[in-house]
Amino acid sequence: MGSRWLLLAALLALGARASLEYEGSGYSPLEDDEDVYARSRYKETPWCSPIKVKHGYANCRTPQGEYYKNVLGTRCDIRCQKGYELHGPHQLICQSSKRWSGKVLCKQKRCPTLSMPTNGGFKCLDGAYFGSRCEYYCSPGYQLKGDRIVTCMDNKVWSGRPAACVVRRCVKLNAPDNGYIKCSGDGNNYGATCEFFCIGGYELQGSPARVCQYSLGWSGVEPTCAPMNINVNVRTAAALLDQFYEKRRLLIISTPTAANFFYRMQLGMLQPAQCGLDLRHVTVVELVGVFPAQIGRIGVKLLPPSLALQLRLLLRIPHYNFNIVVMDKHGMDKERYPFPATPAELFALIDKFPLRKDEIKLQAEIGQSCP
């Protein structure tokens with residue numbers, strides 16, 4: 001009995017459906033399946049154009065994990081390669097207009113323009129862009145302080161320390177003992193020349209001038225000032241005087257006897273004035289006695305009697321009277337005194353000599369003076 005009721009219900013349902021399928025009704029038994037397919041196809045079909053980011057990449061997420069990464073509603077995070085920076089939004093969305101929500105561009109990073117060092121410059125492989133290497137150089141006579149090569153880094157900052165071109169300098173030279181130094185330029189810069197001089201009574205040994213070279217070393221040999229070595233064993237008075245030419249002034253004191261009052265007075269006045277004599281490059285020559293018992297003396301060196309006699313004859317100095325002769329560096333007889341002269345008188349005379357004026361100026365520059 002129950003099975004009959006089930007069969008009857010099935011037949012009624014089939015009849016009802018058959019009544020809807022008449023020709024031209026617009027109904028199809030597949031219609032429901034087509035609606036579902038159409039809705040699914042709308043969401044799984046590519047909608048916006050594919051994203052291509054030059055020098056970058058996009059990380060996209062679809063609404064429901066679809067295969068295509070540019071369907072409606074897709075969100076893409078944009079990133080740039082190292083050395084590039086993003087211009088535009090960090091995220092794009094595929095919109096119903098079939099367009100992405102914005103435009104993006106990865107541009108190469110750029111460091112600030114380097115400053116040109118004074119007395120130098122730089123050259124770069126690729127301007128100021130990321131990864132570019134720039135090398136500094138300096139003009140002749142200057143050396144680089146800082147890093148020679150710098151690189152534009154990812155943080156848009158140049159690597160290394162700032163570069164500068166500074167003057168190439170040699171070790172500063174000192175004046176030799178008993179001498180002084182005079183240099184051009186700054187005194188120790190590349191190309192500077194230093195000249196060396198000795199004070200009165202000393203002779204220069206070594207290089208009279210030295211030049212600061214590119215290697216930061218000085219040319220020549222270190223000079224020294226050695227005491228003037230006077231040769232008293234020469235055969236003529238002229239040969240003796242030639243040793244002082246352009247080097248020393250002479251103060252010749254002639255006396256007939258060592259007991260002479262004027263002679264002893266003169267020596268007494270000169271002894272405390274030795275610094276002033278040295279400052280003025282004065283050498284004292286003593287001629288004592290008369291032929292054949294005459295001798296000469298320069299400091300601690302004794303002149304042979306024959307040489308002392310020749311000197312008196314050459315300069316026409318009286319043998320039997322006290323006399324002082326002042327000679328300049330060119331061997332010229334500048335003044336004679338028949339009686340003792342004070343140091344002040346002698347110094348006032350010598351300071352008027354033409355060469356002495358330049359000496360005074362130079363000695364003031366180097367701080368050479370007497371207490």
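Backbone N, Cα and C atoms are what each Cβ position is placed from, and that goes for glycine too.
Values in this document were obtained by computation on a predicted structure and should not be read as measured data.
Here TrEMBL flags C138-C165, C198-C225 as disulfide bond. Feature annotation from TrEMBL assigns domain 'Sushi' to 58-108, 109-167, 168-227. If you look up TrEMBL, you'll see 1-18 marked as signal peptide.
Of all Cβ atoms in the protein chains displayed, 24 besides its own lie within 10 Å of the Cβ of C198 (disulfide bond). Counting only residues at least six positions away in the same chain, the Cβ atoms of P117, T118, N119, G120, Y136, C138, S139, Y142, Q143, L144, K145 sit under 8 Å from the Cβ of C165 (disulfide bond). Per-residue confidence over the domain 'Sushi' (58-108) averages out at a pLDDT of 92. The 10 Å shell around the Cβ of C225 (disulfide bond) contains 21 further Cβ atoms across the protein chains shown.
Residue environment of C138 (disulfide bond) contains 21 other Cβ atoms, counted within 10 Å of its Cβ in all protein chains.
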